[in-house]
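J.: Relevant sequence annotations retrieved from Swiss-Prot are reproduced here:
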- Cys27, Cys221, His246, Glu250: Zn(2+) binding site (BINDING)
- 29-39: motif ''HIGH' region' (MOTIF)
- 278-282: motif ''KMSKS' region' (MOTIF)
- Lys281: ATP binding site (BINDING)
Amino acid sequence: MILKLYNTRTKDFSELTNFENVKVYACGPTVYNYAHIGNFRTYIFGDLLIKTLRFLGYKVNYAMNITDIGHLTGDLDDGEDKVAKTAREKGLTVYEISEFFTEAFFNDCRKLNIVYPDKVLVASKHIPIMIEVVKILEEKKITYFSNGNVYFDTSCFKSYGEMAGIDLIDKDMTLPRVDVDKFKRNKTDFVLWFTNSKFKDQEMKWDSPWGFGYPSWHLECAAMNLEYFKDALDIHLGGVDHIGVHHINEIAIAECFLNKKWCDVFVHGEFLIMDYNKMSKSRGNFITVKDLEDQNFSPLDFRYLCLTSHYRNQLKFSLDNLQASKIARENLINKLSYFYESLDPVDLNTLNKDLKNFGFSVEKEYYDSFVEKISFDLNVAQGLALLWEIIKSDNLSFVSKLRLAFIFDEIMSLNLREEILKNLQNHDVVIDENMKALIEERRIAKCEKNFKRADEIRDFFAKKGFVLVDTKEGTKVKRG
């Protein structure tokens, strides 16, 4: 089935009709601190997109950048380099800071079951292409040099700012989050290359035709995209906060460099809201994955919470909401565990084979419904609701419910199969009357020192995947 996504660029839904080599780029973290769960809501949305594309049969080439230089504290053209600022405060080098927080970011991604990109593009390792892009733009007379820095002249790009709202420019207003800079020709111009840093001892600098300096955040993403994906990008991901400045600047750089349209589809995820504000490091109102773990939450409790809301809707975060998601996720695992432990060996064997080998029409109808929901703008929240409908259904067998749950989990990534097995290892198996009779026979055999018969009964259970554990309270049956 063809995936439809809401395209911020066109303000309409776009169909992805090319199933071969879908090029996807996501704005990754600026590695000066731990990523917070507001950041991870966006990365979970990106993860859902990549997994949905692959689930539907698209061949995906997925890249993410790591910003280890040039992202200023103001997110614009003012302020100090965030990584350099943290390095100075902690008495470490910028390389030590960026390496530490990059590793921390991907460790948290693993805990949240966020897919690892096919290519990770570290900004400081791609300086030559950034310089080359600026040189080409300079040759086209799209840049100017002012106060030691190279600016992009937005008046040379007639469609500048369309994705954010062209009316802002028509009214000679400043776009959201853009400050006044007396060295700019136009209010919307932005720096491509800094040689005149406001801060002494800027550690990360490179030689360039304009002097020793460093690239802007906007140049980094555009240039690395052009280097890795060449002249075409299919989908660009990011948070809604990137629309008003960063992504329109990327579009301007790339399309002036290429002399043609660059990326057709931009997809943006909404904020995670806490105390009526977006979660933000600069505001000081942020929570990390480790903070959740310290309060006895699983990172997958947070992932479940994210699955309950569409990516284009703001999601309110509170400990109460997270606790509700924790309870719901545990209830889901408990119900699926009950189904699983009730299966006979034939059904268990079926689950280990082709999951999509559906036995009857009702099962296939639920599967088709799930595919339809995720194919229309990643409506995973409706897919999760459908999973609960399946669990409560009287028209499906236990093996059908489990099969559908495991299929859905290829995208939801709640580790359902693993969590079920872990759950069953920690809980006694519900046994029927025949099993109870055999356990009692084994108890009597052991009392009568008929160890041969006792071992035969033990081996009988073992062949069915059960382990008998003798305790003071009696014999318990557990999954092997």
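Each Cβ is built from the backbone N, Cα and C atoms, and glycine gets one as well.
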J.: Where does His246 (Zn(2+) binding site) sit in DSSP terms: helix, strand, or coil?
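T.: Helix, per DSSP.
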J.: Near Cys27 (Zn(2+) binding site), which residues of its chain come within a Cβ-Cβ distance under 8 Å, counting only those 6 or more away in sequence?
T.: Met64, Asn65, Cys221, Leu237, Gly238, Gly239, His242, His246
J.: Specify all same-chain residues, apart from the site residues Cys27, Cys221, His246, Glu250, whose Cβ lies within 8 angstroms of the center of the Cβ atoms of the Zn(2+) site, ordered by sequence.
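T.: Sorted by sequence, the hits are Asn65, Trp217, His218, Glu220, Ala222, His236, Gly238, His242, His247, Asn249.
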J.: Any same-chain residues 6+ apart from Glu250 (Zn(2+) binding site) with CB under 8 Å of its CB? Would you list them in sequence order, or say none?
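T.: Glu250 (Zn(2+) binding site) has long-range Cβ partners His218, Cys221, Ala222, Asn225, His236.
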J.: Where among the binding-site residues Cys221, His246 do you find the Cβ with the fewest other Cβ atoms within 10 Å?
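T.: Taking Cys221, His246 as the binding-site residues, the minimal 10 Å Cβ count falls on His246.
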J.: Average the pLDDT scores across the motif ''HIGH' region' (29-39) and report the rounded value.
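T.: Mean model confidence (pLDDT) across the motif ''HIGH' region' (29-39) is 94.
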J.: How does the motif ''HIGH' region' (29-39) divide up by DSSP, counting helix, then strand, then coil residues?
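T.: Helix (H, G, I), strand (E, B), coil: 3 helix, 1 strand, 7 coil.
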